[in-house]
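Read through the structure below, which is laid out as structure tokens, and then see the notes.
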Amino acid sequence: MPNLAFDIAHLLAGGLVLISFMMLYQDRLYALLNIFALHALVLALSVAWQAYVQNAPHLYVTAVIALVFKAIIIPVALHRIIKQLGIHRDIETAVGIGPTMLAGMGLVALSMVLMLRVTGAADPLAREDLAFALSVVLLGLLVMVTRRNAVSQVVGFMSLENGLVLAATGAKGMPLVVEISVAFSILIAFIVIGVFLFRIRERFDTVDIGALDEFRGERR
Amino acid sequence: MTAASDAVAWVLLIPICAAAVLAALPGYRLTAALNVVASLGTFLAALSLFIIARPQPGQYLLVDDLNIVFIVLNTFVGFTTSVFSASYIAHEIETGRLTPGYLRFYHAMYQVMMFGMNLAFVSNNIGLMWVAVEIATLTTVLMVGIYRTHAALEAAWKYFILGSVGIALALFGTILVYMAARPVVGEGQDAMVWTVLIGRAATFDPALLNVAFIFLLFGYGTKVGLAPLHAWLPDAHAEGPTPISAVLSGLLLNVALYAVLRFKILLAANPEAISPGPLMVTMGLTSLLFAAFMLYRRRDIKRLFAYSSIEHMGIIVFAFGMGGPLANFAGLLHMVMHSLTKSGIFYAVGHIAQVKGTQQIANIRGLTETHPALGWGLAVGVVAIAGLPPLGIFMSEFLIVSSTFARQPLLAVLLVFGLLLAFGALMLRLTNVAFGEPRGSTAPADASYMPMFAHFALVLTAGIYLPGPLVVWFQHVANVLG
């Protein structure tokens with residue numbers, strides 16, 4: 001049975017990396033949000049599986065937060081914000097899809113090499129989990145730097161954070177995981193409320209971060 | 001509960017209770033006064049930590065020789081800033097830039113921020129420390145955007161995104177530290193408790209610790225404002241209310257620096273791990289040189305001093321990276337002097353920008369004629385921050401340069417080059433702003449000069465004479481830092 005436990009954890013964590021890749025080539029905001037909801041769903045499954053395998057019931061709380069908050073509430077809220085504020089639904093990329101995918105592969109390779117090398121002493125489950133988690137974190141960063149829209153940057157950040165939750169749950173017996181996932185949820189809620197309250201669309205006429213540079217004091 | 005753990009509890013409880021009260025109370029005179037009282041109370045509680053016996057380090061809280069310096073400095077500047085803030089916001093209310101509703105929010109956030117920073121300092125748990133830094137970041141983001149102008153929102157957004165990425169990287173590093181500690185310390189709470197970690201760090205897996213430190217350095221380094229991760233800092237300083245610029249430069253950067261130092265000590269305790277020194281020296285020197293060049297092209301006075309903060313954080317990180325008793329001593333001293341001087345400068349700049357109605361350097365001229373107290377105050381501050389004798393920063397910079405010359409002459413040359421470059425830029429701007437034909441409004445300033453001159457007096461005193469017990473204390477802390 002231990003092999004089955006390992007395989008399922010492996011499958012779910014690998015699935016997260018794959019879904020992170022799917023985010024890289026989306027060119028519509030709605031599609032990106034759907035993919036993100038899927039990302040959060042797989043994360044919830046993965047965390048729940050870890051809770052079961054490690055026999056750590058408090059991790060179920062984290063799984064439920066991931067499921068309810070990140071897979072349902074946030075994507076729905078962002079859908080509505082996009083509709084209400086009339087944000088452009090195309091994603092403007094700073095770098096083309098092709099180079100982005102290549103860079104993504106490079107980052108995944110990097111994190112595998114790095115993490116598998118330095119965690120030689122840890123147990124295999126934690127090792128693989130950490131390597132996958134770092135890949136998800138780096139791919140999230142890549143989404144953030146290659147996208148110009150504020151909303152897609154938020155999605156990139158949230159997928160990055162999913163990677164962190166994966167790492168935290170993979171580290172067996174880590175305290176404060178639930179607290180940290182709650183703290184992150186608050187942070188994300190702030191970001192989403194921020195997008196809405198600041199009415200980025202109305203203030204700036206665009207959510208293109210590049211256009212915001214015009215308002216810098218230096219160019220007056 | 002002993003008296004000591006009471007004092008620690010007060011340092012945390014006063015701000016958080018004050019925040020709740022301030023959020024509910026109307027009327028800006030009352031809330032501003034209450035803000036000052038709460039900050040003073042926190043400062044006194046922090047000061048009492050010097051006198052009474054330390055509490056035993058627990059699962060969550062810790063007071064030791066290192067963090068007590070940070071706490072006292074933090075609460076002191078928090079207190080003087082609240083005094084400055086009271087007169088600053090009175091003007092903002094008059095001109096209508098802030099409404100009473102926002103002001104309530106502002107005061108509550110100010111105290112929550114103080115709570116977050118104090119918690120980060122006293123936490124004995126690396127997870128808790130991370131949460132505390134996040135609280136402090138979030139509240140400052142909200143305050144940077146409080147004017148809700150285009151520029152302020154952009155600055156807040158940029159700070160938010162970059163700060164979040166930094167904080168995410170720091171969390172990954174924290175998880176890695178836990179992974180390194182787990183095989184040795186065992187699962188659960190203990191593997192995140194600082195005092196346990198440091199005692200057994202020598203047996204941790206060095207490879208994992210190395211990677212963890214890289215993540216922590218870049219993560220918390222973003223918040224220290226180290227180049228190339230500094231992009232949020234000038235915008236956040238320039239667009240938020242000036243009291244927030246003062247606490248950002250004077251305090252929040254120190255919080256992140258403190259986190260980096262904690263993990264540096266951890267890494268140094270493991271003989272097989274990489275030495276954190278070269279990394280920190282490189283980042284510090286890069287920040288210093290980069291910021292020194294950038295100083296020349298600034299047209300906005302708050303941005304100018306924001307870049308100067310990057311420069312000085314670079315110097316401090318450089319000093320701690322060099323390590324050794326003398327460089328650490330100088331780094332600590334420089335940190336304290338920079339906090340006092342830079343927040344003092346921002347007090348002056350805040351009133352100047354209000355009187356003149358602009359932050360553009362080109363529109364501010366001849367301050368010493370129209371507003372002697374502000375003009376000469378700013379002049380003293382800039383002379384201090386540029387590192388001229390007899391003020392405190394001269395002494396700490398001199399110590400850093402001389403200790404570097406003794407060990408790495410080549411690095412010292414670069415360091416001196418950066419310092420001179422920054423000195424030139426600051427002097428150039430100072431002569432424009434303080435002297436010459438007056439320009440802009442000459443209306444009298446309704447300012448509180450006390451906080452500014454109190455800071456500069458302390459910096460001057462430190463430059464001329466450092467009391468013996470203080471020197472001994474700093475030397476002891478410098479040895480702790482390794």
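Placed from the backbone N, Cα and C atoms, the Cβ positions cover glycine too.
TrEMBL entries are annotated by machine, without manual review.
What TrEMBL records for B:7-25, B:68-90, B:102-121, B:127-147, B:159-181, B:201-221, B:242-261, B:273-295, B:315-337, B:373-398, B:410-432, B:452-474 (among others) is transmembrane segment. Residues or ranges marked as domain 'NADH:quinone oxidoreductase/Mrp antiporter transmembrane' by TrEMBL: B:123-419.
Listed by sequence, the residues of this chain that lie at least six past the ends of the transmembrane segment (B:410-432) yet keep a Cβ under 8 A from its Cβ atoms are 281, 285, 288-289, 291-293, 295-296, 298, 301, 304, 308, 311, 314-315, 318, 322, 361, 364-365, 378-379, 382-383, 385-388, 397, 400-401, 404. For the transmembrane segment (B:201-221), the list of distant contacts is 133, 166-174, 176-177, 179-181, 183-184, 229, 256-257, 259-260, 263-264, 266-267, 269-274, 276, 279-280, 283: same-chain residues at least six beyond its ends, Cβ to Cβ under 8 Å. It is B:102-121 that, among the stretches B:7-25, B:102-121, B:315-337, B:373-398, B:452-474, forms the most Cβ pairs under 8 Å with the transmembrane segment (B:242-261). Beyond the transmembrane segment (B:102-121), the same-chain residues lying 6 or more positions past its ends with a Cβ under 8 Å from any Cβ of the stretch are 11-12, 15-16, 18-20, 22-26, 28, 31-32, 34-35, 38-39, 42, 46, 67, 70-71, 74-75, 78, 82, 85, 89, 93, 128-129, 132-137, 139-140, 142-143, 146, 241, 243, 247, 251-252, 255, 258-259. Distant neighbours of the transmembrane segment (B:68-90): 11, 28-29, 32-33, 35-36, 38-40, 42-43, 45-47, 49-50, 98, 103, 106, 110, 114, 117-118, 121-122, 241-243, 246-247, 250-251, 254-255, 258, 332, 336, 339-340, 343, 347, 350-351, 354, 446-448, 450-452, 454-455, 473-474, 477; these residues of the same chain sit at least 6 beyond its ends, with a Cβ under 8 Å from one of its Cβ atoms. Counting same-chain residues at least six beyond the ends of the transmembrane segment (B:273-295), those with a Cβ under 8 angstroms from any Cβ of the stretch are 204, 206, 209-210, 213-214, 217, 221, 225-228, 230, 260, 263-264, 267, 304, 307-308, 310-311, 313-323, 411, 414-415, 417-419, 421-422, 425-426, 429.
Beyond the transmembrane segment (B:159-181), the same-chain residues lying 6 or more positions past its ends with a Cβ under 8 Å from any Cβ of the stretch are 126-127, 130, 133-134, 137, 140-141, 144, 191-192, 196-197, 200, 204-205, 208-209, 211-216, 218-223, 229, 231-232, 235-236, 259, 263, 266.
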